[in-house]
Ligand SMILES: *[C@@H]1O[C@H](CO)[C@@H](O)[C@H](O)[C@H]1NC(C)=O
Ligand SMILES: *[C@@H]1O[C@H](CO)[C@@H](O)[C@H](O)[C@H]1NC(C)=O
Ligand SMILES: *[C@@H]1O[C@H](CO)[C@@H](O)[C@H](O)[C@H]1NC(C)=O
Ligand SMILES: *[C@@H]1O[C@H](CO)[C@@H](O)[C@H](O)[C@H]1NC(C)=O
Ligand SMILES: [Zn+2]
């Protein structure tokens with residue numbers, strides 16, 4: 001599945017600093033991702049309910065269970081092929097229900113003697129045949145035993161058939177079922193998606209099977225290793241089109257029950273897993289092209305979107321990306337067609353159904369006028385991610401969900417390679433540092449993190465499976481695979497990969513199978529040497545959580561590694577067989593010259609080459625190819641900082657970002673002092689590149705939150721003003737006084753940072769500039785002159801530095817917005833005003849569903865709390881009405897915990913801590929629902945903030961004061 005992670009790039013970090021609201025926007029835009037992360041965070045890692053300490057059903061003798069009580073299928077039967085017919089009704093029936101009906105015949109063979117047939121079936125009404133839920137017949141010479149009884153097990157999602165005698169080993173049988181299911185709008189299995197076009201409500205039948213929803217569409221052996229061939233038939237209304245994994249091979253008009261209908265049949269699929277199936281009925285249209293050997297490529301969407309040419313960009317990049325992978329994997333695209341479809345209503349970002357990939361509209365459709373550069377980048381990377389799965393994941397599939405990290409980590413890594421091939425001028429490969437490596441460092445540096453790899457027995461229930469879809473799997477998976485490919489070198493990595501894919505095509509694997517093939521590739525490469533097997537090296541990174549900080553003392557050449565924990569006082573109670581030491585591949589350079597890769601294999605070691613003196617310096621983890629942080633002796637830090645200040649381009653863009661991010665995090669962990677971290681930002685007055693700036697702003701954001709209500713803020717503001725001024729002038733120049741869009745891809749992102757920060761820090765000319773743009777728009781509301789890249793920042797600044805007129809205009813535009821992304825920008829920008837009465841009025845609006853949709857209420861409150869002026873207002877507001885807000889918005893809402901997080905983010909005084917505790921006591925009788933954990937964490941974080949502020953305030957004030965003159 002695609003990660004739903006992207007913060008639209010035009011909501012750049014510039015706004016963070018600005019009226020300090022953007023985080024709320026980010027939260028609003030990435031709710032699904034937050035959901036992933038929240039799952040990750042709230043997973044009980046220790047204690048009684050820990051999934052890792054749960055007794056394994058299969059091996060616990062004290063709780064003998066029937067086979068149908070196990071969440072895993074028995075291994076006695078294996079499916080061979082299915083004939084599936086489905087008929088979704090796009091209009092409600094007499095009871096107002098949307099339904100689908102269908103039938104399925106599955107051929108399976110018996111490999112172990114059994115008198116039970118256990119097959120998945122969930123929420124389906126099965127028809128009755130002579131008192132049973134299914135019909136059984138033998139294939140060929142086999143005669144089927146008679147059915148004694150059949151029943152359904154709700155908890156484990158099974159249909160069970162008890163037979164009067166055993167099935168014969170080696171024989172094959174056909175199980176036939178007919179069923180009816182609800183075509184619900186629950187985004188699971190075969191479901192209904194609704195949208196409005198030209199004022200008309202339209203219904204699409206579509207599907208999402210991953211991970212355990214195929215069983216909600218038809219009875220099937222719903223595990224990834226139970227691969228089979230599927231022959232699909234779809235019955236649908238005339239005037240609609242049916243799609244599935246295979247190419248359509250026939251359509252015929254037919255009349256069923258007096259209704260004029262159409263029957264579409266599809267070519268049989270390749271051998272594949274149930275979770276990759278897809279069925280869609282819609283009135284969508286497509287644009288298409290064909291590639292080399294007749295491969296048909298189509299992009300499907302609403303007619304209007306296709307007519308507006310919103311599918312063109314996706315069609316343009318799909319061919320090149322497929323070609324890239326064919327070459328990279330050394331394996332041809334396994335299917336005869338590639339469909340990609342944009343759905344108005346879709347839960348994940350995208351889903352890699354084999355041959356029929358489904359997307360959210362924002363992840364596939366690009367509007368040359370309305371979309372920002374960030375939108376475009378997202379489309380390219382999501383397509384590259386999903387198409388990478390066509391081989392890795394779909395052609396070769398992992399045996400079970402415990403290895404999900406390899407599937408998702410892999411696609412999350414190679415998506416950068418595929419996207420880079422399609423858009424070679426973007427330097428997109430560098431962005432893995434911000435989007436994955438640094439992002440997951442933050443999670444993986446906590447004592448509550450968990451290892452990438454889990455044992456099969458630890459992952460059984462659908463809930464446990466869905467927990468696997470988290471940041472660690474995606475981003476850490478990507479980071480360690482990237483490290484692996486770098487120390488093996490790309491060609492060796494690709495060679496092993498290709499041999500793995502060719503060997504296991506149409507089959508299933510466990511992750512060590514990939515290690516074996518990579519090891520083979522190493523052995524077949526003359527001169528290639530690694531200090532341990534791929535297996536042994538990678539175990540250290542996949543079987544234990546966290547990552548090391550490597551400390552290099554250039555005075556002696558000594559090197560040590562230590563498990564990096566953001567909170568030095570946190571206690572790790574998860575044992576590791578490797579004692580939290582790693583085999584660390586260290587690429588490094590000395591005074592600008594690349595050195596031979598060094599392997600740190602023990603806790604401490606000495607590498608005399610790393611001893612330097614005089615002007616020489618050492619920089620380790622060049623290009624951040626390794627998954628670790630680096631610390632040095634103070635002399636070397638000084639030399640690196642002086643290099644940044646005199647000739648920063650001597651270091652690569654991502655190493656500049658790395659120095660900043662490492663320093664700030666080492667300071668948070670009290671390994672180096674805070675002023676050393678701050679000193680890494682001094683050279684920024686000369687920095688023009690996006691990635692280092694973005695890294696610095698993300699790190700400085702904490703300082704802004706802690707100090708924007710104290711005397712430190714004045715000094716911080718003067719300092720940042722001084723630092724951002726040259727960047728602002730630079731963009732003014734390269735855009736010919738703001739009349740052009742910068743040509744560089746990441747320059748477009750950094751322009752957003754430049755404007756956002758310059759305006760909030762008071763750089764001359766900035767506020768006037770954005771005010772004039774916004775004025776122009778107010779004067780002719782139908783001709784918005786603001787470039788899509790800049791909209792979020794400009795709206796927010798204009799409202800922050802404007803008055804009621806600007807606000808009311810935004811409100812009118814918000815009410816009239818036809819584009820969801822435009823409404824989101826405006827809703828968040830309205831929280832930027834500095835006028836308390838406007839903020840209070842806006843808070844009142846959040847509880848009026850005619851003004852702010854109920855689903856947007858809490859995220860709007862959060863946006864308001866993100867604003868320094870709005871924070872106390874929002875806090876008073878929710879305290880005063882907690883019981884109402886909780887009743888109305890708290891139940892079953894997964895974003896509710898974000899509200900508590902958002903409002904308490906700045907809390908850093910003893911007084912606020914007492915208020916928070918009192919709030920908890922006063923409302924115990926009401927409850928906190930899904931925010932319960934967030935409230936506990938808020939108390940903990942506030943305590944930590946108080947401590948940090950106490951320890952650092954004086955020196956931070958002194959530093960900013962000295963440096964801002
Ligand atoms: C599946 O459909 C094919 C083509 O219609 C047919 O030949 C075959 O017998 C069917 N298989 C089963 C098990 O029904
Ligand atoms: C798609 O490619 C064509 C031909 O190269 C080009 O003219 C067009 O601008 C591209 N469309 C988009 C949206 O990139
Ligand atoms: C690509 O595959 C072909 C045939 O499977 C094989 O002969 C060739 O060596 C492979 N090339 C690489 C670079 O692995
Ligand atoms: C971990 O530490 C224990 C006890 O100090 C030691 O016996 C064991 O060999 C260590 N394991 C590794 C892999 O270093
Ligand atoms: Zn994926």
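The backbone N, Cα and C atoms fix where each Cβ goes, glycine too.
Note: TrEMBL annotation is automatic and uncurated.
Because the structure is a prediction, the values reported are computed rather than measured.
There are 28 other Cβ atoms within 10 Å of the Cβ belonging to residue 386 (active site, proton acceptor). Look at TrEMBL and you will find 386 tagged as active site, proton acceptor.
Annotation comment: TrEMBL describes 385, 389, 408 as Zn(2+) binding site. Sequence-distant neighbours of residue 389 (Zn(2+) binding site) (same chain, six or more apart, CB under 8 Å from its CB) are 352, 407, 411, listed in sequence order.
Here TrEMBL flags 49-63 as compositional bias 'Low complexity'.
Averaged across the domain 'Aminopeptidase N-like N-terminal' (78-276), pLDDT in this predicted model comes to 96. Per TrEMBL, the feature domain 'Aminopeptidase N-like N-terminal' maps to 78-276.
Residues annotated as domain 'Peptidase M1 membrane alanine aminopeptidase' in TrEMBL: 313-541.
Marked as domain 'ERAP1-like C-terminal' by TrEMBL: 617-942.
Sequence annotations record features per position, and here TrEMBL assigns region 'Disordered' to 39-68.
Sequence annotations record features per position, and here TrEMBL assigns site 'Transition state stabilizer' to 474. Secondary structure from DSSP puts residue 474 (site 'Transition state stabilizer') in a helix.
Positions annotated as transmembrane segment by TrEMBL: 12-33.
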Look up residue 386 (active site, proton acceptor) in the DSSP assignment and report helix, strand or coil. helix
Here the Cα-Cα span from residue 385 (Zn(2+) binding site) to residue 474 (site 'Transition state stabilizer'), rounded to a whole number of angstrom, reaches 11
Reported as an integer number of Å, what is the Cα distance between residue 408 (Zn(2+) binding site) and residue 386 (active site, proton acceptor)? 10
If you measure between the CA atoms of residue 386 (active site, proton acceptor) and residue 474 (site 'Transition state stabilizer') and round to the nearest Å, you get 13
